[in-house]
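Before I ask anything, let me first share the structure, which is written out below as structure tokens.
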Amino acid sequence: MSLFKGSGVALITPFKDEESVDFETLGRLVDFHLEHKTDAIIVCGTTGEPSTMPDDEHLEVIRFVIDRVAGRKPVIAGVGSNHTKHAVYLSKKAQELGADGLLHVTPYYNKTTQKGLIEHFKEINDAVSIPIIVYNVPSRTGLNVLPETMKELAKLPNVKAIKEASGNITQVAEIAMLCPEIDIYSGNDDQIVPILSVGGIGVISVLANILPDETHDIVEYFLNGEIEKARELQLKLLPIIKALFIEVNPIPVKEAMNMMGFNVGKPRLPLTTMTEKNREILKKALVDYGISVKE
């Protein structure tokens, strides 16, 4: 059984001016997604900035979101690390907190080989009993999960899915061919329809932070056979998607949410606020779509 079909929001983490987590705003964001069409909540994925959180804060954010959701939608915890024992520790803690699944980015910086990648996930698999989503994002990690490697990972009983953000549709198709038992989620908002077309069942989305219903609708249209509607909506959203990645994620999406009145604060250093030029491009994309923004 799939963790979810449709749109899983890669939830941002709001911060106060002194950079502590703004749990009051975080609660409102969770409620926003519970009230809209978001199908799953991914907490402390890349967009949630876990790389600048100590473990106690990281786990407290996960706990807070799980408790706030209270079983109404699946909560998937981002607990990846380039240190296998650390990844195991975070995975066990997230499972204890009640996470429905785990999102694991591949090891980064030290990178490893494909063999090391398999051994890394074996250790994690053996430590937990909830579904694991492998997160392949070579642009950030310097490591690509090859289709043949994913075939080996699919033999692990808790590895159930892959978030594919390689940008390589041929590779995604090969994974779908070699691993029919594995659920595939697009990791790129501009490739939702292409990945659905080769067997994907959803997206783990930055866009869903600001347009949860539309992001869900792309997937629902496609899976219901309304391919043209899905295609049209994917293309209609493309200017906003491009603007959301005009600088490193999550800088633009946080700026967009602030423009929309969510008051989520700034990202933590080393991420900075947007340049004024790019901010105006983002603002125009939002306004052109019909989103009300603060001046």
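Cβ from N, Cα, C; glycine included.
The site 'Part of a proton relay during catalysis' annotation in Swiss-Prot covers Thr46, Tyr109 and rests on sequence analysis. The pyruvate binding site annotation in Swiss-Prot covers Thr47, Ile204. Among the features that Swiss-Prot reports, active site, proton donor/acceptor is placed at Tyr135. The active site, schiff-base intermediate with substrate feature in Swiss-Prot is assigned to Lys163; the stated evidence is sequence analysis.
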For Tyr109 (site 'Part of a proton relay during catalysis') and Ile204 (pyruvate binding site), determine the Cα separation and express it in whole Å.
23
Return the residues near Thr47 (pyruvate binding site) by Cβ distance under 8 Å, restricted to its own chain and a separation of at least 6 in sequence.
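For Thr47 (pyruvate binding site), the qualifying residues are Ala10, Leu11, Ile12, Val206, Asn209, Asn249, Pro250, Val253.
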Mind checking which of Tyr109, Tyr135 has the fewest other CB atoms within 10 A of its CB? They're the recorded positions.
Tyr109
If you run the three-state DSSP split on the residue listed as 'active site, proton donor/acceptor', which class comes out?
strand
Using the alpha carbons only, what distance in Å do you get between the residue listed as 'active site, schiff-base intermediate with substrate' and Tyr135 (active site, proton donor/acceptor) once rounded?
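If we compare the Cα positions of the residue listed as 'active site, schiff-base intermediate with substrate' and Tyr135 (active site, proton donor/acceptor), the gap is 5 Å.
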Look at the recorded positions Thr46, Lys163, Ile204 and tell me which residue has the greatest number of other C-beta atoms within 10 angstroms of its C-beta.
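The largest 10 Å Cβ neighbour count belongs to Ile204.
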For Thr46 (site 'Part of a proton relay during catalysis'), which DSSP three-state class applies?
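SS state of Thr46 (site 'Part of a proton relay during catalysis') = helix.
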How many Å lie between the Cα of the residue listed as 'active site, proton donor/acceptor' and the Cα of Ile204 (pyruvate binding site)?
10
In whole Å, note down how far the CA of Ile204 (pyruvate binding site) lies from the CA of Thr46 (site 'Part of a proton relay during catalysis').
11
